[in-house]
Structures are given as structure tokens and as C-alpha cells.
Amino acid sequence: MGIKGLTGLLNEHAPNSIKEHDIKTLFGRKVAIDASMSIYQFLIAVRQRDGEMLTNDAGETTSHLMGFFYRTIRIVENGIKPAYVFDGKPPELKKGVLSKRFEKREEAKEEGEEAKEIGTAEDVDRFSRRTVKVTKQHNEECQKLLRLMGVPCVIAPSEAEAQCAELARGGKVYAAGSEDMDTLTFNAPILFRHLTFSEAKKQPISEINLEAALKGLDMDMSQFVDLCILLGCDYLEPIKGVGPKSALKLIREFGGLKEVVEHLREKAAARKAEAEEEDEEEAEEPAPTSDVEMPDDEDGEKDSDDEEEAERRKKAEAAKKKKAQEKAKSAKKGKGKGKGGIQIPDEWPWEEAKQIFLKPDVIPADQVELEWKNPDVEGLVQFLVTEKGFSEERVRKGAEKLTKFLNAKQQGRLDGFFTVKPKQAPPPAAKGKGAASKGTKRKGEDKAEGSGKKAKKK
């Protein structure tokens with residue numbers, strides 16, 4: 001899921017933190033790519049014309065393998081050295097989110113079956129994409145493929161994005177590659193997005209610089225993590241009523257999430273007390289009565305007064321009913337917000353979520369060795385062609401490209417040799433009567449020059 005609304009905030013408040021590149025400009029870079037996110041992307045995007053996933057003759061899914069093989073070759077052809085990082089065991093705090101995702105997939109399956117009966121082809125395609133689940137077999141097959149290709153793989157102890165960030169921070173790679181913005185929350189100094197997108201999309205690579213983002217938002221790393229949690233992350237139920245703008249405003253106003261939570265809980269308690277007081281006042285309101293009791297001997301005036309009293313009661317009851325309906329409607333509309341405000345869920349362990357971001361379970365970068373090797377051509381043919389039904393000609397051509405580019409001596413980047421120095425200001429011009437103005441000559445200079453030239457001719 002990543003961090004909701006973070007990209008929009010950076011575009012608005014820290015535009016200098018985001019740059020766009022053509023993939024060709026990234027030659028010479030090493031990148032740690034979130035493989036688990038890539039598998040999910042390929043299972044959704046790499047499909048047949050009818051919208052179904054690619055399969056071999058045995059009915060086995062091959063979309064993920066097709067995606068990894070050809071997208072990795074494209075990356076390598078452009079002079080980039082990828083290393084893929086796979087998810088390990090998810091944090092305990094994430095289990096609730098994973099459970100909800102499972103429920104949504106089951107709902108999508110049921111809706112997909114119904115769409116097959118009465119829906120359009122677009123409906124069927126949409127629901128089938130929502131049912132995608134990355135399995136253990138998908139992971140194992142992708143790891144096997146990448147090793148045969150000579151591309152390094154790392155199995156993270158927990159979150160792949162956190163391990164990518166660690167490798168970038170430790171200098172093993174230049175950047176982390178993922179679509180999840182929480183890679184920045186894990187303190188990745190540089191994040192590449194859209195690196196594994198299809199070339200047909202013509203989507204430029206987006207580079208996000210964490211230091212520039214913090215500077216633009218005017219906050220430190222701890223506050224940035226607080227902001228990301230408040231925006232909505234993978235570990236906590238989002239707070240209804242808090243959008244990107246209000247989240248940024250709250251963190252800036254109160255300085256941190258601890259103070260924000262205390263403030264919101266106090267406001268929620270005050271609103272609750274106020275609502276209870278209003279309910280008590282309404283319950284104590286006396287039924288409307290006539291102000292004047294008319295005597296019985298006023299020639300039928302008593303009957304007229306009774307009718308007026310009944311009308312007043314009727315109007316009062318109608319007004320009370322309308323007020324109750326408006327109150328119920330308002331409560332329904334602001335459900336979870338506490339009478340039009342923001343209300344934090346009772347169980348909202350943000351401190352635990354913050355610790356996951358600040359101290360993630362990762363392998364230290366200095367304990368990881370990334371090595372790019374020659375591809376095992378015959379191994380690739382056996383796995384992709386014999387077992388998975390790929391075209392042998394295409395597999396061998398792809399292997400040739402891997403051999404050529406993975407083993408080629410990488411051309412150094414100019415930004416690795418040169419340091420950009422600030423432009424020096426020109427020396428100050430002499431001041432006073434004796435100073436000659438730039439682009440002008442003193443009287444007599446033209447004459448002297450002219451006579452000098454004439455003398456030379458002689």
C-alpha cells in the first residue's frame with residue numbers, strides 16, 4: 001500500500017526532491033529492487049489479450065517469470081546493475097492488514113464469478129486483477145530464474161523495502177527501487193520508482209531524494225516518520241477524517257505524533273461530553289403547552305383553543321423529529337469522527353509502527369555481498385524452455401544480452417569524476433577617476449592606435 005498522499009505532498013511542498021529521468025541516463029548505477037512488489041506488478045500487468053495471466057501448456061502461471069526475464073534484461077541493457085530483494089516474515093503489526101487484504105480478495109473472487117455470468121469483459125478483467133496473490137512458489141521460481149540469469153538476490157528477514165533502504169544507506173547500491181513510498185520512511189536516501197515498468201508505457205523513472213524531501217517539508221526524520229504514519233501506512237488502521245493537508249498541518253503545529261494523538265483524543269473526549277450534555281437537555285425539555293387557559297363559557301372559544309394547542313403540539317413534534325433525523329444523518333456521515341471531528345481508533349499502536357520504521361529487521365549492509373555473474377545459459381533453457389514453455393530462440397538471445405552487459409566494464413559516470421564548483425565572481429573593477437569603463441576607451445587611444453597601424457604599414 002505504501003504511504004497515502006505522500007507523493008502529492010512532496011510535489012507541492014518539496015518539488016526539488018523529485019526528478020524524472022530517462023532510463024538511459026542511469027547507466028553505471030546499482031539498484032536494490034523490491035522483488036516482492038515487482039512480482040505483484042508482473043502478475044497484474046503481464047497478461048494475455050483476454051486479460052488472463054500467461055500460462056504454459058500445463059496450466060502453470062508464467063506472467064511473473066516473463067516479467068522478470070524481459071524487464072531485467074531491459075534494465076541491464078541500459079547499464080544498470082539490479083539486485084533483487086525478497087520479503088521475509090512480515091511484522092506482527094502487519095497481520096491485521098494482510099487479513100483485510102485476504103477478505104477483499106475473497107470478495108473480488110465472488111464478484112468476479114458473478115461478472116462472468118452477467119458482467120462485461122472489463123468487469124471480469126478488473127475483478128481478476130483484484131484477486132492476485134503472490135505465493136511461495138512465485139517467490140521461489142523468481143529467485144531460481146534470477147540466479148540463473150546471474151543477478152544477485154537477497155532474502156530479507158522481514159520487509160523487502162526496509163532491506164533495500166539499508167543497502168542504499170550502506171553504500172552497496174546507489175538507490176532503492178520500489179513503487180512503495182514507505183521505502184523513504186525506512187530511510188532510503190534515494191528512491192527510484194517505475195524502474196520495472198513496461199517500456200511501452202513510456203513512463204520516466206522518478207528519483208526521490210530523502211534529504212531534499214525533509215528540507216522541503218522542514219522536518220527531521222522522526223517527524224517525517226510521524227507524518228507517514230498519520231497519512232496511513234501498512235501497519236495501522238487509517239484515521240478517518242485526516243487527509244494529507246491536515247496531517248502535515250497537525251505535525252507542523254504540534255511537532256510530533258505523540259502530541260497530535262494527545263490533542264485529538266482530548267478533542268474527541270470534549271465532543272463526546274458536549275454531545276451527552278445536549279442529549280440530556282433534550283430529554284429534560286417539557287412538552288409544549290398553551291400559555292393561557294381560556295374559560296369554558298366563552299361561546300365555543302375553548303374548542304378553538306384546543307385546536308390551536310393541538311396544532312402547536314403537532315408542529316413541536318415535527319420539529320423534534322426533524323432535529324433527531326438531522327442528528328442521526330450527521331452521526332452517520334461523520335461515523336468514526338466523533339460528531340464531525342477526527343477520532344483515533346481505540347487500538348492504534350503508533351509507537352510500535354514507528355519502531356518498525358526506525359529500527360527495522362534487516363541484514364546489515366556490510367554483511368551483504370552483491371555479485372553479478374555470467375548467466376547459466378543451459379540452465380535458463382532447461383528452466384524456461386523445457387519446463388515453462390518459453391521460446392528457446394528468445395531465451396538464448398536474452399542470455400546473450402545478459403552476458404554482454406553484465407560482464408562489460410561499466411563506463412564511469414561523469415558525476416563520479418567531476419565536482420561542480422560554484423561560479424566565481426569576476427574581480428571588482430577599479431573605482432575612481434583613473435578607472436576605465438568596460439567597453440570604452442579614453443580620449444586619444446583611438447588616435448594612438450590609428451597612428452600605430454599607419455607606422456606599421458610603412
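These residue numbers are counts, starting from 1, taken along the chain as shown.
For all residues, glycine too, the Cβ spot is worked out from N, Cα and C.
Here Swiss-Prot flags 1-105 as region 'N-domain'.
The number of other CB atoms found within 10 A of the CB of Glu161 (Mg(2+) 1 binding site), across every protein chain shown, is 31. Marked as Mg(2+) 1 binding site by Swiss-Prot on the basis of sequence analysis: Asp34, Asp87, Glu159, Glu161.
Taken from Swiss-Prot, the feature DNA binding site applies to Arg47, Arg71, Glu159, Gly232, Asp234. A coil conformation is recorded for Glu159 (Mg(2+) 1 binding site) in the three-state DSSP classification, outside any helix or strand.
Under the heading compositional bias 'Acidic residues', Swiss-Prot lists 275-285 (among others).
Annotated compositional bias 'Acidic residues' per Swiss-Prot: 293-309 (among others), in sequence order.
Taken from Swiss-Prot, the feature compositional bias 'Basic and acidic residues' applies to 310-329 (among others).
The compositional bias 'Basic and acidic residues' annotation in Swiss-Prot covers 442-452 (among others).
Packing around Asp234 (DNA binding site) is summarised by its Cβ count: 22 other Cβ atoms lie within 10 angstroms of its Cβ, all protein chains included.
The number of other CB atoms found within 10 A of the CB of Gly232 (DNA binding site), across every protein chain shown, is 21. When the region 'N-domain' (1-105) is classified with DSSP, helix, strand and coil residues number 55 helix, 19 strand, 31 coil.
The Cα atom of Glu159 (Mg(2+) 1 binding site) lies nearest to that of Asp234, taking the binding-site residues Arg47, Arg71, Gly232, Asp234 as the candidates. Each of the binding-site residues Asp87, Glu159 was scored by the number of other CB atoms within 10 Å of its CB, and the largest score is that of Glu159.
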